[in-house]
């Protein structure tokens, strides 16, 4: 395992939360053409569990390419891991889990890949409903859903409607989502409400602005996990990640599992969260 590094980066007079990055061999419950590896277990029994964990699910395509498989197989395997991560997060005691399912920029991919992703989305919405009911999970979708076909929109609405009274983990899926797009849409709603006399400029503050975002009533993430080793936010939850702790692992998303989640939680517990202040 590579050494852990904590490097604060100064930008606009604020300190971006340090990134802990582990260069490790990852294991997953489902394998294609490879034996399951022995994984060192992490004990988090006496650790603080972050209320809200957000994840950038990166590396599906590279995982598939490494194995000589089509990209669609990487996405399919990634969906299996999402299912398992929802169950793991619920058992660990995480209250909110948000995943980056499909970005506003993902429409730029080939028509074949986008079509395959839409078909996967249709299939796994049905599976997710069963998992949510079994595990008392509430499902929320954020992003601009109007661009999807009507049957997908209906599926999203059904997921939210039939799980809205569940009291366990809240599972948030960002679909056709971009952080900048979310902020622009919020600004448009604010401008309209201002024109209609519902709000005045003097009433605007961070809390009011947040209420216009897709994530209204959802607390900001405590921990962001990014797989595949990339060190960027990729237009994800730009407003909400202001004081979120960042954790990057080199493993691709299809290789992510419960032990990887526990390692991220252990790294989170090593941080001193100051929220811009001094202790």
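Don't overthink the numbers, they just go from 1 along the chain as shown.
Cβ atoms here come from the backbone N, Cα and C positions, even for glycine.
What you see is a predicted model, and the numbers here were worked out from it, not measured in a lab.
Residues annotated as active site in TrEMBL: 58. The Cβ of residue 58 (active site) lies under 8 Å from the Cβ of 226, 227, 228, 230, 234, 252, 253, each on the same chain and at least six residues away in sequence.
The Mg(2+) binding site annotation in TrEMBL covers 58, 245. For the recorded site, residue 58 (active site), the DSSP three-state label reads coil.
All protein chains included, residue 226 (substrate binding site) registers 26 other Cβ atoms within 10 Å of its own Cβ. Per TrEMBL, the feature substrate binding site maps to 59-63, 71, 75, 103-105, 107, 109, 226, 232-234.
Taken residue by residue with DSSP, residue 106 (active site, proton acceptor) is part of a helix. Sequence annotations record features per position, and here TrEMBL assigns active site, proton acceptor to 106.
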Checklist entry - What's the CA to CA span in angstrom from residue 75 (substrate binding site) over to residue 245 (Mg(2+) binding site)? => result 26
Next on the checklist: Please list, in sequence order, the residues in the chain of residue 59 (substrate binding site) that are at least six apart in sequence and whose C-beta is under 8 Å away from its C-beta.
Outcome noted: 74, 227, 228, 251, 252, 253, 254, 255
Checklist entry - How long is the line from the C-alpha of residue 107 (substrate binding site) to the C-alpha of residue 245 (Mg(2+) binding site), rounded to the nearest angstrom? => result 29
Checklist outcome for this item: Around the Cβ of residue 104 (substrate binding site), other Cβ atoms within 10 Å, all chains included, total 19
Item to check | The one of 63, 107 whose CB sees the fewest other CB atoms within 10 Å, among these binding-site residues | outcome: 107
Checklist entry - How many whole Å apart are the CA atoms of residue 245 (Mg(2+) binding site) and residue 233 (substrate binding site)? => result 12
